[in-house]
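*Asks:* This is the feature table in Swiss-Prot:
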| type | residues | note |
| --- | --- | --- |
| BINDING | ASN9, TRP10, LYS11, GLY172, SER212, GLY233, GLY234 | substrate binding site |
| ACT_SITE | HIS94 | active site, electrophile |
| ACT_SITE | GLU166 | active site, proton acceptor |
Amino acid sequence: MRKAIIAGNWKMNKTIDEAVKMVEELKPLVKDATCDVVVCPTFVCLDAVKKAVAGSNIKVAAQNMHFEESGAFTGEVAPGMLEAMGIDYVVLGHSERREYFNETDEALNKKVKKAFEHNITPILCCGESLEQRENGTTNKVIEAQIKADIAGLTNEQVEKLVIAYEPIWAIGTGKTATDEQANETIKAIRAMVAEMYGSESAEKTRIQYGGSVKPNTIKAQMEMSDIDGALVGGASLVPADFAAIVNY
């Protein structure tokens, strides 16, 4: 049985003080959660948030990282730096990173491998645009991403991997995939992983849904056979809303 994982992607929001206040309010609200609870602050807030959640059941994720260990990469953060801070997860390949920062599948494959090398669990994002959904190429688009992004991993790594399916057209738009659409696509992603690494490993890979997840949508989503959690955007910025999702 796969343990659900619900992660809150704060994107470019919250100062250090606001971030600490947020997790201090969140801690008592999610202390009895049956799923893994993850918050994803900005780089500048990671250390303060990590310290603030110490001793609680809340894990911390970075929103990105570089695949090189060090060097002349101005503005970037190395995986070893995150590992030294005790960061648990890293979100990789979010559609905003792919679109605005031209992240390629080749670079993401390097990042996924490097995260595992540094004992950080990747939350790898994949998804299609509205145009791709409407012209029936959803699975083809996602398969190209998955095949490139998770190539060359060990079965053990694949079993630890978290994948987040986020239809790009449902992010921040208020539109959501129907629960059935989300589940069917996630089932297809699991089949892609199985084709590469066998069904035993694919059955252990946790696959989240991301895309305008709200307190009033989560319960039905989590009742679907293949949805193992959520990557939450806007609703994760409000402690009560995020807690309501975590405690679905």
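Cβ atoms here come from the backbone N, Cα and C positions, even for glycine.
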*Asks:* Mind telling me which of the binding-site residues GLY172, GLY233, GLY234 has the densest Cβ neighbourhood, counting other Cβ atoms within 10 Å?
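*Replies:* Counting Cβ neighbours within 10 Å, the top one is GLY233.
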*Asks:* Whole-number answer please: how many Å between the C-alpha atoms of GLU166 (active site, proton acceptor) and LYS11 (substrate binding site)?
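*Replies:* For GLU166 (active site, proton acceptor) versus LYS11 (substrate binding site), the Cα atoms are 15 Å apart.
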*Asks:* Have a look at the binding-site residues (ASN9, SER212) and report the one with the fewest Cβ neighbours inside 10 Å.
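*Replies:* Sparsest of the binding-site residues ASN9, SER212 by Cβ contacts within 10 Å: SER212.
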*Asks:* Return the maximum Cα to Cα distance in Å (whole number) over the record's substrate-binding residues: ASN9, TRP10, LYS11, GLY172, SER212, GLY233, GLY234.
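*Replies:* Across ASN9, TRP10, LYS11, GLY172, SER212, GLY233, GLY234, the two farthest Cα atoms sit 14 Å apart.
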*Asks:* Helix, strand or coil at GLY234 (substrate binding site), per DSSP?
*Replies:* helix
*Asks:* Inside 8 A of the center formed by the CB atoms of ASN9, TRP10, LYS11, GLY172, SER212, GLY233, GLY234, which other residues of the chain have their CB, for the recorded substrate site?
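*Replies:* Everything else in range on the chain: ILE171, VAL232, ALA235, SER236, LEU237.
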*Asks:* Does DSSP give LYS11 (substrate binding site) helix, strand or coil?
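*Replies:* Going by the DSSP assignment, LYS11 (substrate binding site) belongs to neither helix nor strand, so it counts as coil.
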